[in-house]
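Feature annotations, reproduced from TrEMBL:
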| type | residues | note |
| --- | --- | --- |
| TRANSMEM | 6-23 | transmembrane segment |
| TRANSMEM | 30-49 | transmembrane segment |
| TRANSMEM | 55-76 | transmembrane segment |
| TRANSMEM | 97-113 | transmembrane segment |
| TRANSMEM | 148-167 | transmembrane segment |
| TRANSMEM | 179-199 | transmembrane segment |
Amino acid sequence: MNVFRLVADLMHLASILILLLKIRKTRSAAGISFKSQLLYLIVFVTRYLDLFTHWVSLYNTAMKVFFIASSGYIVYQMQRRYRATWDPALDTFRIEFLLGGAAVMSLIFHTKFTFLELFWTYSIWLEAVAILPQLFQMSRTGEAETITAHYLFALGAYRGLYVVNWIYRYATEGYWEWIPFLAGMVQTVLYADFFYVYFSRVMRGKKFELPH
């Protein structure tokens, strides 16, 4: 494992821990898109169907369990304990288009036509756009809590670093997987406006607000 992938994994862990901290500290799911969180749960479940059939390492297995469990916990908390704090009138992105689009992409663009491989590819394409409901919700309100902005930055940095990871692996090992690279590029591009506002405002101690 190279340093880019390691830091990317740590940023991914940090993003989830920041989100859990936000929900627990404020006792609220306000500003968080339930639809994005549901999509991430689907991403992890479909990606890690090999959890009990394919052993790589203790680290790999622990990460798989953590991502599935934490995503399930967040979805459960948003639907049960903090349901009253989540505003469905703002969280209106049509995720059926994302679910269907990822399915079509995985059927057209994949490396092997097997059950596990198709679901793995599906999770890659779906993750590339899973953040869209969150970004759409933020565009409607025009602002976000600072801790929510930190969560999104860590999540975006994780995907950006994975793109660098693939470039590094190709340069040093000659190993290349174009599907996760392309999907990572798509997701990184989706974060472009967010990153600009994050560095120009939040990193300077200002409130996260989208330009009008």
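Every residue gets a Cβ built from N, Cα and C, even glycine.
Long-range contacts of the transmembrane segment (55-76) within its own chain (CB-CB distance under 8 A, at least 6 residues past either end) are made by residues 9, 12-13, 16, 19-20, 23, 34, 37-38, 40-41, 44-45, 48. Against the transmembrane segment (6-23), the recorded stretches 30-49, 97-113, 148-167, 179-199 differ in Cβ pairs under 8 Å, and the greatest number is found for 148-167.
Counting only same-chain residues 6+ beyond the ends of the transmembrane segment (148-167), those with a CB under 8 A from a CB of the stretch are 2, 4-5, 7-9, 11-12, 14-15, 18-19, 22, 31-32, 127, 131, 134, 176-177, 180-181, 184-185, 187-188, 191, 194-195, 198, 202, 208.
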